[in-house]
Amino acid sequence: MPSIFAYQSSEVDWCESNFQYSELVAEFYNTFSNIPFFIFGPLMMLLMHPYAQKRSRYIYVVWVLFMIIGLFSMYFHMTLSFLGQLLDEIAILWLLGSGYSIWMPRCYFPSFLGGNRSQFIRLVFITTVVSTLLSFLRPTVNAYALNSIALHILYIVCQEYRKTSNKELRHLIEVSVVLWAVALTSWISDRLLCSFWQRIHFFYLHSIWHVLISITFPYGMVTMALVDANYEMPGETLKVRYWPRDSWPVGLPYVEIRGDDKDC
């Protein structure tokens with residue numbers, strides 16, 4: 001059995017040809033397509049600084065984890081090692097768990113918690129730790145955990161979309177879902193239609209997934225920030241802005257605070 005540190009010790013291999021450009025980098029494009037994580041992470045920390053000061057400084061942890069995902073993903077695609085796969089998936093799990101803890105509206109908490117966020121954070125932390133430990137024994141556990149969280153987030157977003165009349169929030173949800181759907185299509189196509197893409201010499205769908213998901217996450221985070229503000233920041237008005245300019249057709253969203261606890 002190969003070492004978990006060894007090149008190509010992971011059972012996962014993507015459609016891109018291995019070691020095509022360097023004997024040190026297994027998947028060249030899949031490795032370097034993670035660079036946007038290191039650009040958007042610090043930029044979003046800067047743009048969201050006033051909001052984080054008001055809401056919670058733990059928001060910075062989310063963006064640090066976002067950059068760690070980029071780092072571990074680079075390591076995984078560079079080596080295709082089992083350790084790299086685990087680190088990549090575990091970092092995603094902790095990112096989602098952190099976002100859950102900060103932005104999950106209390107009305108979606110399990111009823112036995114009575115809307116207590118501190119207890120909810122403990123529950124999420126314990127669940128994430130257990131899932132992390134189990135992933136070393138059974139790597140498929142992480143996949144189930146990630147899919148469960150993703151489906152629950154999608155459910156919450158759909159519920160909030162139905163309830164809100166806020167045009168900015170509805171627009172953000174629509175853009176986030178479209179970006180996520182296109183990114184997921186790229187990921188699935190790379191996995192299931194690899195033989196077709198190899199025949200036409202197009203190996204870049206997983207790289208496109210990296211770029212799209214690195215853009216989708218800021219949209220998703222700002223979406224959850226707006227949803228959260230409805231319940232946790234009464235009296236504050238959040239305005240969605242876009243970097244570098246609001247007038248540009250494409251931009252990176254963030255919230256500006258310009259300033260009725262609400263029920264689900």
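Note that Cβ sites are derived from N, Cα and C of the backbone, with glycine treated the same way.
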Quiz item: Is R55 annotated in Swiss-Prot on the same side of the membrane as R241?
Solution: yes
Quiz item: According to Swiss-Prot, D13, W14, E16, N18 bind Ca(2+); which one of E27, E89 is listed for that same site?
Solution: E27
Quiz item: H206, H210 bind Zn(2+) according to Swiss-Prot; which of H77, H152 goes with them?
Solution: H77
Quiz prompt | Residue among binding-site residues H77, H206, H210 with Cα closest to the Cα of E27 (Ca(2+) binding site) | solution = H77
Quiz item: Which whole-number mean pLDDT does the model give the topological domain 'Cytoplasmic' (49-57)?
Solution: 93
Quiz item: At the Cα level, what's the spacing in Å between E16 (Ca(2+) binding site) and H210 (Zn(2+) binding site), rounded?
Solution: 14
Quiz item: At the Cα level, what's the spacing in Å between W14 (Ca(2+) binding site) and H77 (Zn(2+) binding site), rounded?
Solution: 9
